[in-house]
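Each remark here refers to the structure printed beneath this line.
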């Protein structure tokens, strides 16, 4: 007979057994809370992961801006001094010269313009290939934004992107004629369009909320550095074909770096791979000299206060939570945010690329000019980093766009000759300065506006709007003079006005699901 007594066990009334040891209570935490409490928000693990991942930004800038050098119009000279052959060095353009009376200084292989005669009536083809490249970027941003949220993941998508960039970049160098060149530039744009989205999300998702802002906004330094490096590569490249090969080498090197980059624990979590997510979090804690107790379980934000099954508590695989653009459109909150974000990205890009093209087209040393443009944007990045946590995302997004739009409107009211021409140039520089800051802060702002399950899909849509603005910008520049400045000013003011309707995300958590985001919006 077994006597049951409170708080003790006895057999035959005289043999007591110790009560079974209680298993430690499971502590359920979301990614942000686990990083803050146990793993560290930005330690040695995050620093290494961030630096390696952000190298992909340099690849994007190289593949995007290489056309500035490859499609440039080189210098020309008259044959035999031009005497009696219908050639004069005073001519404004080679279109005013007699065929056969002049030649390209560095030969036909120096650029695509020289090799395929993209001058005079064929000049439109230079703008056409540039616009079609951004069409490819727009499509690729949406495709890879979806793939990185679903089966491929952030890291897998980057691997595919870099492989395609390396292949298409080298094939571009082998183009036998213009239309083949256009095709490969579209394909390069398709793969390039997904680089920024995947690299930015992968680099910032494992970083704690208090450090994410500065880290996220520092990604643009890699983009500008890529442009500066490309200027040096272009300067020493003997031909446009050699330039495309040289600009594709970094993509090959980045593929070799990928094994040292981890997948995002947030992506593992929403895909139902809790064990893999916990393994990454343990690596982060160990590398940062922190201790992650075995009783702590990583869960989605909405599961923190929900009772779990024994299998889930042990980290068994759960059914993955997936999301797509359709899910965003079904959510009133996410749908409204996506509309505002895409429109603002469009207006910002029209102004940024439009004003940048005006600066690049100055009759100065092209290589030095592009290098200085890349370097000059960095003060705007520093300023937004300093002010972002002080004023918040919303107010700074409004202020930087109004700042840029105001100076563009002032520029549209000024004359284009005499001293006023210099003042207008200053207005354009200040306009670029403001939009460079906006461009930078929009990255972290957009990341915080959408939950993990649809974050890359949303950023992919935003990137599509961005590339659409890049397609439109060259056509606005063609308008020239006051009209172009007026359009840039209107876009800046419109973008700032739309930002008024976005929520402030400063010191707010990164939500994992749409349901959690909607609940957080109602609080």
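Quick reminder: no glycine exception, Cβ is built from N, Cα and C everywhere.
Feature annotations, courtesy of TrEMBL:
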type: DOMAIN; residues: 49-507; note: domain 'Major facilitator superfamily (MFS) profile'
type: TRANSMEM; residues: 126-144; note: transmembrane segment
type: TRANSMEM; residues: 156-175; note: transmembrane segment
type: TRANSMEM; residues: 181-202; note: transmembrane segment
type: TRANSMEM; residues: 214-236; note: transmembrane segment
type: TRANSMEM; residues: 242-261; note: transmembrane segment
type: TRANSMEM; residues: 336-355; note: transmembrane segment
type: TRANSMEM; residues: 367-388; note: transmembrane segment
type: TRANSMEM; residues: 395-416; note: transmembrane segment
type: TRANSMEM; residues: 422-445; note: transmembrane segment
type: TRANSMEM; residues: 457-477; note: transmembrane segment
type: TRANSMEM; residues: 483-502; note: transmembrane segment
Touch test for the transmembrane segment (156-175) and the transmembrane segment (483-502), at least 3 Cβ pairs under 8 Å: no
Cβ contacts the transmembrane segment (422-445)/the transmembrane segment (242-261), at least three under 8 Å, sequence gap 6 or more: no
Tertiary contacts of the transmembrane segment (214-236) (same chain, 6+ residues out, Cβ under 8 Å): 42, 46, 50, 54-62, 65-66, 69, 196, 199-200, 203-204, 207, 243, 246-247, 367-368, 370-371, 373-375, 377-378, 381, 384-385, 388, 436, 439-441, 443-444, 447
Range from 181-202, 242-261, 336-355, 483-502 with most C-beta pairs under 8 A to the transmembrane segment (126-144): 181-202
